[in-house]
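A.B. asks: In case it's useful when we look at the structure, here is the feature table from Swiss-Prot:
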type: BINDING; residues: HIS132, HIS136, HIS142; note: Zn(2+) binding site
Amino acid sequence: MIYIDNRQNKIKVNEELENKIKEIIDYALKEEKVNIDYEISVVFIDNNSIKEINKDYRNIDKATDVLSFPMLDYEDGEVFKDIYLNYEFDESDLDEGNLVLGDIALSLEKAEEQSKEFGHSFLRETCYLTIHSVLHLLGYDHMEEDEKVIMRQREEEILKSFNLHR
């Protein structure tokens with residue numbers, strides 16, 4: 001189950017965008033071997049809202065593009081398919097039968113700014129940020145160079161499957 005909640009009014013959100021976000025999340029999770037019913041919440045916000053969240057959770061007082069709040073625990077360098085592929089989740093891990101993977105806060109205002117800066121479509125930038133965040137929910141990171149290379153490769157592979165190039 002993918003929940004999308006638009007809490008901003010600076011960028012128009014249409015059904016096409018919401019459907020593409022859901023489609024790309026579902027595809028990424030299948031590619032990453034998430035073989036259980038799941039729940040992810042995506043909240044579209046503006047720069048002011050994401051700045052507040054970034055300050056509250058990361059002590060960084062500036063707007064960013066996307067923030068991820070994973071619900072599962074991962075050891076350094078391990079991802080969902082390494083740990084949870086055949087894991088037996090019990091009822092306390094589930095919400096109405098769905099594994100809660102986490103929440104995504106995405107600034108559509110920042111996505112629009114970055115799409116212009118990088119010279120590609122708003123849809124491509126929003127999908128990229130969504131995939132980036134979903135991979136964080138699955139344990140991927142980019143703090144170390146070797147992890148960054150792996151994460152960027154997965155992002156690009158998923159984007160190419162949707163014909164979304166830079």
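Glycine is treated like the rest: Cβ placed from N, Cα and C.
Please situate the listed features within the shown structure.
C.D. replies: For HIS136 (Zn(2+) binding site), the Cβ neighbour count at a 10 Å cut-off comes to 20, with all displayed protein chains included. The DSSP secondary structure for HIS136 (Zn(2+) binding site) is helix.
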A.B. asks: Excluding HIS132, HIS136, HIS142, please set out which residues of the same chain place their CB within 8 Å of the center of the CB atoms of the Zn(2+) site, keeping sequence order.
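C.D. replies: Result: SER68, SER133, LEU135, TYR140, ASP141, MET151, GLU155.
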A.B. asks: Taking each of the binding-site residues HIS132, HIS142 in turn and counting other Cβ atoms within 10 Å of its Cβ, which one has the fewest?
C.D. replies: HIS142
